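In what follows, a structure is listed as structure tokens, so that the remarks can point back to it.
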Protein chains: 4
Amino acid sequence: MADATHSSEQLRLFIERIERLEEEKKAIADDIKLVYGEAKAEGFDPKTMRTVVRLRAMDKNDRQEQEALLDAYKAALGLAE
Amino acid sequence: MADATHSSEQLRLFIERIERLEEEKKAIADDIKLVYGEAKAEGFDPKTMRTVVRLRAMDKNDRQEQEALLDAYKAALGLAE
Amino acid sequence: MADATHSSEQLRLFIERIERLEEEKKAIADDIKLVYGEAKAEGFDPKTMRTVVRLRAMDKNDRQEQEALLDAYKAALGLAE
Amino acid sequence: MADATHSSEQLRLFIERIERLEEEKKAIADDIKLVYGEAKAEGFDPKTMRTVVRLRAMDKNDRQEQEALLDAYKAALGLAE
DNA sequence: CCGCGGGAAAC
DNA sequence: GTTTCCCGCGG
């Protein structure tokens, strides 16, 4: 078998593995959407839920720095609560 | 002139007006990016700036409600500051 | 058990389900990165591979866009159904 | 004048420039909506018009993708330059 | 009220 | 630069 053919076959296999994994990833993304939908049906706000998921994923120090910076900008612009 | 031709011409004119406006819109969007770039060069954080722009655009009551809801979710999840 | 507590618990469960799914999604994304890495080690160009994957995935969408385009042309010519 | 005050003032000016530009952008976006509304009033379908506008805008990108596809096929066949 | 599409943000 | 996420509009 020629090298070019070998190479094509190898490429095809890599591409197919990736496509299979992309399908799985999409399936999980769809599951996540479903859970947000369930939560919404129970009266929770998806937007705020996404915010807390993001906050929990952040390092505690990073989170505090972000919040401190935002507070500073709010104060500078008279947006303090 | 046949109606079909008239209609095509009319459609073409509408499409071209829209495309012209889209170009203008893009030019302004580019200007906005430039301002964020300038601010960043002065040491400001663009991400936080976008947040305050969004907050200022929001109605005050809406903003307070959002913040209250977020605080409630944080408390429920032990994320209180 | 108080309603507030019930609600908090319910929220916590939704959040945890989402976080679990997000972890799975990330694991798969990491697997995909690994496959690109393997392919690269075999001499393939990851960037071009991503292009191929994207083009193959777009095929069905493209067909739909083509159909939309055809309909648009029909409309422009007054032949819309 | 204290540095903090200077900084606040500088931030305020950046924010106001951005807000001004955002207003202009919104005005143009509103104009675009008006044109779609006029076209609709003349019997054209806004949804299909948007599709046409998108396809026309994508033309140059498509050409680039086509070239990328050609290169990808070359690579798959071991003919990469 | 939902889904789609465009615009912005993260990696 | 690419991909993912969010918001706002249209149906």
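Each Cβ is built from the backbone N, Cα and C atoms, and glycine gets one as well.
Just so you know, TrEMBL annotations never went through curation; they're auto-generated.
Beyond its flanks by at least six residues, the coiled coil (C:4-38) meets 46, 49-50 of its own chain at Cβ-Cβ distances under 8 Å. Residues or ranges marked as coiled coil in TrEMBL: C:4-38.
Sorting each residue of the domain 'GapR-like DNA-binding' (C:8-78) by its DSSP state yields 65 helix, 0 strand, 6 coil. If you look up TrEMBL, you'll see C:8-78 marked as domain 'GapR-like DNA-binding'.
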| note | Taken over the coiled coil (C:4-38), the predicted model's pLDDT averages 93
